[in-house]
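Asker: Quick one: the structure is below, questions incoming.
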Amino acid sequence: MITSSLLSRPGRTAPAGSAALRCRDRLAQRVADQVGPDGLVKAPCASRVLESSLLLRLLTVEGYAPHVRERLTRYLRNRLEHRPPDAIQGAVARAALGERLPGGCFAERALASFDHFTADRKRLMFTTLLAELGVTVFPRTRPEAFTARGQQSWLQAEMAALKIMTAYGTGTTGLLTERDWFLLAPAVRPGPVWEGNHFARLLALLALRKNPAHRGAVRRTLEAVTADLRPDGGLPFITGMDIFATAIAGLALTGPAACAHAGHRPVRCGTGPLPAAMADALATRQNPDGGFAFTPGVRQSDVDDTSYTVEFLRVAGPYRHRSAIAAAERYLLAVRNPDGGFPTFARGTPSEIAMTAAAVNALAPNPAHRTVVDEALAFLTRRRQPDGILERSWSRNVTNAVFRTTLACAAAGPGAPPGLSRAAGTTKRQATRYLASVQNLDGGWGHHPGDASDPISTAYAVIALSRDGGHPTALARALDHLVRAQRPDGGYRSRPDQAGPRPLLYDVPALADVCVLLGLAHAVGPTARPRV
């Protein structure tokens, strides 16, 4: 058991030889072993029912690759029987398998409780997909509903594909424009899947095949698509998250507490050959706009990956990577919204709590951004809820936004206006009090209060509690839970928390290890340099 009094202050480490330290060191070695020769953590995405179903549908209507259709069918039937997905993916899978389904209520029922600014678009998306699969009728909606100008690259392609499907399904093809077809062109270009996104490519192919001029290109592309199947016979949502996982792993290996901007005494910064190589690898993957994407080859930058990467580069080589850090800071400043918050992808889209907190954590160490940080903190304090729940978005657990906001609120240091410092302190205390109040009996947390505990959700909570210091008993119980959950190989298996399209979960198994290691590094300090 971890002695709770030893964890009562942020940055205080557990005694040497404790179970948590042994757990951390075994996990750190496992994470280090996952770093490839290119300096990146290998973080492939696992198969998912949605993409596998859409590919089966596409191959079926094209009469292509019967042996691949058999593999997809086995994968889907196995998932439906032994590991049923959510209602939306279940409906899509059964339709792709040729089963009769009653009406088109599945998407509406599953999305009814999804409280998010994208909910209307997601209802349109999945209703259209179910109509394409023959489950329901196509929605009668204006073409403007499919507009996604200024949004992330793959969303523009997805909405254009849905618009084309709807136009053909409702006999309104005269409403289509050259731009609609142009947005789908990357889906049939030779080479790796565009933007690493199988879902976007499949939607584009389903739409392109309706136009005889594009049928040949679609069939040629199918060979490349089927080559991307995983060994279990399914297709993933995206290729992987190597950049995202590497940035988090780098922070965990070097010691996030060492570079916290909250005024805590540094624990240790375990920089060495491996973290340096990881930082170099990330810096070379910077996009022309200064931002970073989730995996190599993706040109669409985002606040999430950019923020994590900036934090790591500051730890691993602030001078060596000063140019990359400065360019990334400029990217973040360019996407900031007038309300002081930060969106995920593009200025003008709604600001989000987790993304705003992430940007604060990336920018706060640079005094030149004090005003920007204060305005972002003001946004966060305005958005707090009385019960402490902040947001469930790209991460579907409540603990992700809580830990990131808790870290961000620590940025309201001596230089912040007094009112803002008080509000930030209240926000942090309220959020961690909420975490302690909904902790499961086994010491962990799930996606939502009452859900079974999982390592990723618990690790996020550990970060928040370790930086607050006000709930030592809850933190000790959480660390005990993570120690018990560690597998014989030193790693973790977890319910995934990443979502896309929101709110559908997708699994990148490597994230369980790197996220838990980050939590342990915050709670008990970074590990000694692992063997390389």
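Heads up, the Cβ atoms here are built off N, Cα and C, so glycines get one too.
Taken from Swiss-Prot, the feature active site, proton donor applies to Asp304, supported by similarity to another entry. Summarising the annotation, Swiss-Prot assigns (2E,6E)-farnesyl diphosphate binding site to Arg121, Lys122, Gln152, Trp154, Arg502 and lists similarity to another entry as the type of evidence. Here Swiss-Prot flags Glu158 as Mg(2+) 2 binding site, drawing on similarity to another entry. If you look up Swiss-Prot, you'll see Glu158 marked as Mg(2+) 1 binding site. Residues annotated as repeat 'PFTB 1' in Swiss-Prot: 275-317. Residues or ranges marked as repeat 'PFTB 2' in Swiss-Prot (evidence: sequence analysis): 325-367. Per Swiss-Prot, repeat 'PFTB 3' is recorded for 428-469. Residues or ranges marked as repeat 'PFTB 4' in Swiss-Prot (evidence: sequence analysis): 475-518.
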Asker: Does the repeat 'PFTB 3' (428-469) reach the repeat 'PFTB 2' (325-367) with at least 3 CB pairs under 8 A, where each pair is 6 or more residues apart?
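Answerer: Touching, no - the repeat 'PFTB 3' (428-469) and the repeat 'PFTB 2' (325-367) miss the threshold of 3 or more Cβ pairs under 8 Å.
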Asker: Under 8 Å between C-beta atoms and at least six residues away from its ends: which parts of the chain pack against the repeat 'PFTB 2' (325-367)?
Answerer: 117, 150-152, 259, 261, 286, 289-292, 300-304, 306-311, 313-314, 318, 373, 375-380, 383, 390-391, 393-395, 400-401, 404-405, 407-408, 411, 415
Asker: Do you know offhand how many angstrom separate Gln152 ((2E,6E)-farnesyl diphosphate binding site) and Glu158 (Mg(2+) 2 binding site) by C-alpha?
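Answerer: Rounded to a whole number, the Cα-Cα distance is 10 Å.
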Asker: I'd like the per-state residue tally for the repeat 'PFTB 3' (428-469) from DSSP, helix first, then strand, then coil.
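Answerer: Secondary-structure composition of the repeat 'PFTB 3' (428-469): 24 helix, 0 strand, 18 coil.
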Asker: Tell me the Cα distance separating the residue listed as 'active site, proton donor' from Trp154 ((2E,6E)-farnesyl diphosphate binding site), rounded to the nearest angstrom.
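Answerer: That separation, Cα to Cα, works out to 17 Å.
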Asker: Rounded to the nearest angstrom, how far is the Cα of the residue listed as 'Mg(2+) 2 binding site' from the Cα of Lys122 ((2E,6E)-farnesyl diphosphate binding site)?
Answerer: 11
Asker: Rounded to the nearest angstrom, how far is the Cα of the residue listed as 'active site, proton donor' from the Cα of Arg502 ((2E,6E)-farnesyl diphosphate binding site)?
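Answerer: Their Cα atoms are separated by 15 Å.
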Asker: Give me the CA-CA distance between Arg121 ((2E,6E)-farnesyl diphosphate binding site) and Asp304 (active site, proton donor), in Å, as a whole number.
Answerer: 22
Asker: Rounded to the nearest Å, what's the C-alpha distance separating Asp304 (active site, proton donor) and Glu158 (Mg(2+) 2 binding site)? Just drop the number here, would you?
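Answerer: Computed Cα spacing between Asp304 (active site, proton donor) and Glu158 (Mg(2+) 2 binding site) is 21 Å.
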Asker: Relative to the Cβ of the residue listed as 'Mg(2+) 2 binding site', which residues of the same chain, six or more apart in sequence, are found under 8 Å away?
Answerer: Met125, Ala148, Phe199, Ala200, Leu203, Ala204, Pro501
Asker: What is the maximum Cα to Cα distance, in Å and rounded to a whole number, among the residues Arg121, Lys122, Gln152, Trp154, Arg502 annotated as binding (2E,6E)-farnesyl diphosphate?
Answerer: 15
